[in-house]
Amino acid sequence: MSNRVIIFDTTLRDGEQALAASLTVKEKLQIALSLERLGVDVMEVGFPVSSPGDFKSVETIARTVKNSRVCALARALEKDIDAAAQSLSVADQFRIHTFISTSTIHVESKLKRSFDQVLEMAVGAVKYARRFTDDVEFSCEDAGRTPIDNLCRMVEEAIKAGAKTINIPDTVGYTVPSEFGGIIETLFNRVPNIDQAVISVHCHDDLGLSVANSITAVQQGARQIECTVNGIGERAGNCSLEEIAMILSTRKAALGLETGINAKEIHRTSSLVSQLCNMPVQANKAIVGANAFTHSSGIHQDGMLKSQNTYEIMTPESIGLPRNNLNMTSRSGRHVIKHRMEEMGYGEHDYDMDVLYESFLKLADKKGQVFDYDLEALTFMEAQAEEESFYQLKQLVVHSDSTQGNATATVKIELDGEVVTEAATGNGPVDAAYNAIARASKCEINITSYKLSAKGEGQDALGQVDIEASYQQQSFHGVGLATDVVEASVQALIHVMNLTWRADKVADCKQKIQQKARSLGGV
């Protein structure tokens with residue numbers, strides 16, 4: 001048996017079913033091309049009979065993608081199979097994936113037929129699909145709750161009819177790994193023609209077991225895993241592609257299995273899917289979450305500085321993320337502070353570690369995360385636990401034209417005691433407000449990242465704006481929080497401006513100290 005596991009991605013079919021709004025044809029093509037770069041073997045890109053839009057998406061992707069096999073879904077009905085075949089006909093190679101329910105509750109309650117009738121429909125659908133392609137996949141919907149005798153019979157007959165891939169879905173995420181693995185093992189033991197098809201699994205995450213069930217299945221002989229990027233999909237989602245890929249890669253010695261996934265494309269593909277689908281990735285998500293390679297515990301940080309292998313079983317670079325983070329918080333030890341100071345070019349004799357660390361802990365308790373520019377301020381300036389404010393917003397008035405997209409903003413800002421008023425236009429209210437602030441402050445800041453997130457629920461939820469900005473080759477992070485998005489955005493910018501003002505003061509103070517040291521050295 002081959003040790004190669006086929007990765008069947010269904011982000012654009014099963015994954016899209018979780019979205020509040022459908023993706024456009026252009027957006028689907030963007031994701032499909034990213035999946036092709038990622039190296040998926042098969043991509044299921046739609047359900048053509050469901051709508052003209054889905055048909056067009058499948059056809060467009062089938063015409064464009066060359067290195068992955070394009071697949072479309074069809075019920076065990078001739079009209080569905082016709083639509084799938086027609087939409088895929090422009091592809092060099094394609095797969096038709098047909099399915100029917102096999103569990104007792106589905107057969108009796110949903111289909112209202114006998115199992116023998118359902119079996120006949122399944123066989124007929126596979127034979128009909130084989131008229132269009134040799135690559136036919138058949139799925140036993142709700143296989144996880146199907147009586148094992150019926151499941152074995154269905155699989156055997158579908159293979160006889162010409163199915164080259166048999167998919168065993170845990171449609172409602174009901175089984176546990178030992179149970180699901182037992183189903184796969186039984187199929188291999190009892191279905192006489194099982195060696196004539198690839199056994200596939202499609203596990204849902206209702207009980208959080210989709211990845212575990214899929215790994216157990218390949219240990220029992222399955223050789224295709226159906227999954228989605230970021231695990232998106234119906235209800236609690238699907239088996240996560242990036243988790244499967246990195247499990248099989250990281251634990252290759254133990255599992256003896258491999259995929260054709262280009263892991264360095266994982267981060268980029270995950271970010272694209274998250275952005276286009278408007279589904280943020282939770283921070284603690286395995287592999288691609290913001291915290292996946294972030295270390296905040298002082299003990300962990302100390303270990304990481306000595307050897308990355310102490311607390312990382314894979315590297316961020318392996319998934320295309322070129323860095324890892326040691327967040328400086330109140331839990332960070334002296335070793336981390338010393339390391340960060342060394343990275344910024346400071347030797348042990350440039351500062352007093354006892355004084356710096358005490359000041360650092362006070363600031364960390366107050367603001368949570370401490371940044372490099374905070375450390376410099378603590379090093380060269382006293383009483384920096386309380387952040388000084390050179391810029392203060394006194395008034396903000398915004399007028400927007402929703403039909404044209406233009407806006408005008410008037411701001412009143414206090415600059416070290418002097419109040420300045422300026423107005424400006426912009427492409428939207430935030431842009432207008434930022435332009436007005438730039439006029440008033442004469443402060444040149446380049447915003448490199450803008451992120452808006454909700455804190456709370458409903459109409460009274462607070463909007464948090466996080467911005468990254470560059471100033472004189474340094475990076476600064478500003479935060480704003482308000483019920484009004486424009487106000488939160490302005491708060492974040494003012495925060496950054498005060499940080500840059502403080503950085504200038506630090507630089508001046510640093511220069512004076514260095515000049516004094518040089519003059520003393522010359523005496």
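Keep in mind that glycine also has a Cβ here, set from the backbone N, Cα and C atoms.
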- Write down the one residue from Asn150, Asn189, Asn230, Asn238 that Swiss-Prot lists together with Asp14, His202, His204 as binding Mn(2+). Asn238
- By Cβ count within 10 Å, point out the most packed of the binding-site residues listed: Asp14, Asn238. Asn238
- What DSSP reports for the region 'Regulatory domain' (392-523) is 51 helix, 58 strand, 23 coil
- Message: Check the DSSP secondary structure of His204 (Mn(2+) binding site), expressed as helix, strand or coil.
- Response: strand
- Query: Among the binding-site residues His202, His204, which residue has the largest number of other Cβ atoms within 10 Å of its own Cβ?
  - Reply: His202
